[in-house]
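Visitor: Pulled these from Swiss-Prot:
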BINDING   GLY14, LYS15, GLY16, GLY17, VAL18, GLY19, LYS20, SER21  ATP binding site
BINDING   CYS188, CYS191  [4Fe-4S] cluster binding site
Amino acid sequence: MLDKIKHIILVLSGKGGVGKSTVSTQLALTLAESGHKVGLLDIDLCGPSVPFLLGLEGHDVHQCEQGWVPVFSGADQRLAVMSIGFLLKNRDEAVIWRGPKKTAMIKQFLEDVAWDELDYLVIDTPPGTSDEHITVMECLKGVNADGAIIVTTPQEMALEDVRKEVTFCKKTGIAILGIVENMSGFVCPNCAECTKIFSSGGGVALAELAQVPHLGTLPIDPRVGALAGTGKACVTELPDCTTSLVLKSIAKSIGAE
């Protein structure tokens with residue numbers, strides 16, 4: 001099912017709560033707004049947030065001869081989405097599975113979803129380096145995945161976990177497309193001034209240390225946060241904000257025009 005996909009991008013984070021799913025979702029929307037056919041696969045089995053972020057909660061998936069049919073976001077149906085969140089009754093339902101069952105589900109997501117022809121598939125992964133990540137890497141061995149984007153925050157604790165993520169990528173042979181530093185500063189909703197409320201520059205320093213590109217720095221912007229649950233792209237709703245400019249730059253770095 002992956003052989004018809006031109007580009008496969010993984011989005012990783014060493015720690016939870018760094019905004020990885022938001023970056024994944026907005027990157028997928030940015031690519032779709034650029035005219036590309038895009039798939040977004042959420043394999044965070046225990047904490048699927050993509051359906052909520054795109055305003056797709058309550059949608060059901062069904063099967064065809066080729067496998068599961070993804071849920072489409074937007075009237076133009078340029079963004080196809082698959083998540084375990086579509087298979088759960090509600091957001092409060094917990095996924096309490098052992099490793100083998102998680103592995104089997106991820107393999108199904110990667111092998112049995114009828115994506116059809118896509119320009120890009122963005123894979124939103126769970127935090128850390130667990131069985132789920134190893135399964136993804138094994139399933140992608142037969143295809144030419146572009147590589148991984150690693151999301152971090154400026155705090156030292158998050159950066160420590162990202163160092164492990166960098167090591168994981170190198171050991172499993174997945175290329176690192178770059179590092180994104182998220183939640184670096186707070187944008188005032190009244191005057192748009194960005195104040196450094198945490199430390200900053202950690203993502204840049206880590207990228208230099210790991211000898212990989214630094215793809216950009218994203219602030220905490222309440223206007224961007226308000227888009228959660230709407231399915232709207234930041235690049236169209238807030239075209240001049242820092243987040244939009246960084247997203248466009250990332251899209252360009254992975255070949256999107």
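Including glycine, each Cβ sits where the backbone N, Cα and C put it.
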Visitor: Drop a 10 Å sphere on every Cβ of the binding-site residues LYS15, LYS20 and tell me which sphere holds the fewest other Cβ atoms.
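Guide: Among the binding-site residues LYS15, LYS20, the sparsest Cβ neighbourhood within 10 Å belongs to LYS15.
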Visitor: Within a 10 Å radius of its Cβ, which of these binding-site residues (GLY14, GLY16, GLY17, GLY19) has the fewest neighbouring Cβ atoms?
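Guide: Looking at the binding-site residues GLY14, GLY16, GLY17, GLY19, the Cβ with the fewest others within 10 Å is that of GLY17.
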Visitor: For ATP, what surrounds GLY14, LYS15, GLY16, GLY17, VAL18, GLY19, LYS20, SER21 with a Cβ no more than 8 Å from their Cβ centroid?
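Guide: Along the chain, the qualifying residues are SER13, PRO127, VAL151, THR153, ALA158, ASN182.
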Visitor: What whole-number Å value do you get for the CA-CA distance of GLY19 (ATP binding site) and CYS188 ([4Fe-4S] cluster binding site)?
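Guide: One finds 19 Å between the Cα atoms of these residues.
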Visitor: Let me know how many other Cβ atoms fall within 10 Å of the Cβ of CYS191 ([4Fe-4S] cluster binding site).
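Guide: There are 7 of them.
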Visitor: For the C-alpha pair, I'd like the distance in angstrom between LYS20 (ATP binding site) and CYS188 ([4Fe-4S] cluster binding site), rounded off.
Guide: 22
Visitor: Does CYS188 ([4Fe-4S] cluster binding site) have same-chain partners at least 6 apart in sequence with Cβ under 8 Å from its own Cβ, and which are they?
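Guide: Set apart from CYS188 ([4Fe-4S] cluster binding site) by at least 6 residues yet with Cβ under 8 Å, we have CYS194, THR195.
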Visitor: If you skip the near sequence neighbours and keep only those at least six away, which residues in the chain come within under 8 angstroms of SER21 (ATP binding site), Cβ to Cβ?
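Guide: SER21 (ATP binding site) has long-range Cβ partners ASP42, ASP44, SER49, VAL50, LEU53, ASP124.
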Visitor: If you measure GLY16 (ATP binding site) to CYS191 ([4Fe-4S] cluster binding site) at Cα, how many Å is it?
Guide: 30
